[in-house]
């Protein structure tokens with residue numbers, strides 16, 4: 001909402017502009033009226049809308065045309081004052097003042113106008129018959145007020161309506177000619193309805209209506225008041241109430257009714273509570289709340305954020321198959337102005353046999369977005385209404401900023417849940433296969449992936465010592481001379497070579513010696529395509545000798561060309577190394593260390609699946 005309001009009073013000489021201002025300030029009619037009142041500011045605490053208000057007078061005798069034009073350009077609302085007993089001053093409203101104001105304001109951002117009929121104490125009849133056709137002709141006119149500076153009639157109301165015209169304008173919401181809501185208003189209210197429809201059944205039931213009412217107006221509706229609202233809708237339309245709940249059509253009708261009855265502030269209160277500005281766009285402050293991320297810290301979703309995202313998944317998984325079909329994904333993102341996920345997402349996270357994103361894959365994608373681009377994650381949570389539904393100040397409450405990695409190394413323990421593994425290797429060494437195998441896709445399934453749907457990321461969960469963690473694999477493009485800081489910044493490194501290509505290992509050796517030999521980042525060498533015949537590498541040392549010389553773990557054989565279940569042990573090992581980088585390579589080679597980690601992973605995976613099945617039954 002605006003931080004202040006600037007009201008300009010214009011009109012013919014002697015219509016009482018200055019008297020109106022002085023009567024408002026002193027609460028009595030002035031004995032002597034100057035040619036022009038000085039600009040006054042009414043403090044926020046004495047205005048109904050709690051906004052400072054500046055009132056500016058215009059005098060033809062004291063001001064030039066140029067000064068008038070400047071004031072018009074600065075005004076938020078203009079009151080055109082006429083005298084109800086002076087026909088010439090009424091004619092001048094349309095012949096002079098409205099054209100002059102329109103010439104001096106941008107067509108797309110016209111200031112609202114208020115027609116003010118002063119000196120009502122001098123006549124017994126109303127000027128409204130003359131004024132109504134003018135109001136119908138010019139849609140910039142918000143309202144007309146008849147008042148008397150002498151009798152103090154409607155003076156405070158006049159300035160209240162002027163404030164209201166700025167803070168709760170009709171223009172963006174409603175088209176008077178068509179007598180219906182504008183498309184941008186319908187779009188915003190439709191998103192608000194979908195966010196408030198917590199079970200996604202297309203109806204706001206009593207609980208959802210009360211939650212909505214409490215969210216926007218800090219007070220629930222009494223049962224009788226709820227029934228009264230629904231009865232109003234029932235009387236006016238056939239499909240506004242269904243199963244004793246409010247449909248989208250009924251919801252939009254109510255807001256149309258509020259506006260038609262002059263209660264724009266009700267609709268604006270709702271729109272602003274859900275993050276909209278005066279142009280019915282979500283504000284930058286709402287979508288991108290301030291979040292400080294110190295160097296060497298990462299961003300993760302916290303427990304409440306995962307609970308919220310689970311509830312969003314539940315309400316869109318209509319068939320309860322624990323996966324989102326393309327139609328269900330489309331429905332989930334209807335509250336977004338664009339589709340945030342492309343086809344590459346289906347090759348970034350786990351999918352079912354039909355290629356649909358599973359429950360686990362869905363949470364993994366959110367985890368990935370939060371880790372790589374937290375601002376985008378905040379924006380997405382904003383569209384879904386996280387801060388509103390969870391009654392938080394902003395989406396920033398959903399994010400955990402982890403402590404500096406250096407402190408983790410010093411304390412030899414970490415509280416992080418997401419670990420990044422950069423996968424490097426020469427072209428065609430098997431990096432993509434290594435990423436896709438993590439998602440459970442064997443070579444046969446990988447061959448069906450379209451080139452333009454491929455992803456450089458893969459993320460899923462692993463279990464280390466009974467703890468569920470996310471491992472994020474990032475395939476780094478093999479441009480040896482231009483590895484950026486982002487290519488090198490990670491928790492563990494995978495160096496992949498093709499055992500069937502004699503020139504494949506050389507790239508891994510060079511990258512290790514150039515970038516990682518003195519690094520504290522753990523490295524693992526992957527001997528990919530281990531189902532093929534191993535060929536001697538054209539390098540001074542064999543991969544085994546190289547690893548031995550540099551105290552690395554021996555090359556790990558890996559293949560995704562198998563009809564059997566893919567072995568996931570290597571991913572558990574990578575996560576474990578990322579969690580415990582301080583451990584010496586000797587410890588990592590210790591078979592009992594790996595056995596303990598792997599057994600813990602297997603037990604947790606089984607327990608996790610059992611708990612997941614139990615949760616599904618509840619859902």
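Our numbering is plain: 1 for the first residue shown, then up by one each step along the chain.
Cβ atoms are placed via backbone N, Cα and C, with glycine included.
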Pick from 570-592, 593-615: which stretch is listed in TrEMBL under transmembrane segment?
593-615
Surrounding residues of the domain 'EF-hand' (304-339) on its own chain - C-beta under 8 Å, 6+ positions past either end:
191, 194-195, 198-200, 351-352, 354, 356-359, 362-363, 366, 380-381, 383-386, 389-390, 397-399, 616, 619
Secondary structure composition of the domain 'EF-hand' (304-339) [DSSP: H/G/I, E/B, coil]:
23 helix, 2 strand, 11 coil
For the domain 'Miro' (416-580), what is the mean per-residue pLDDT, to the nearest integer?
92
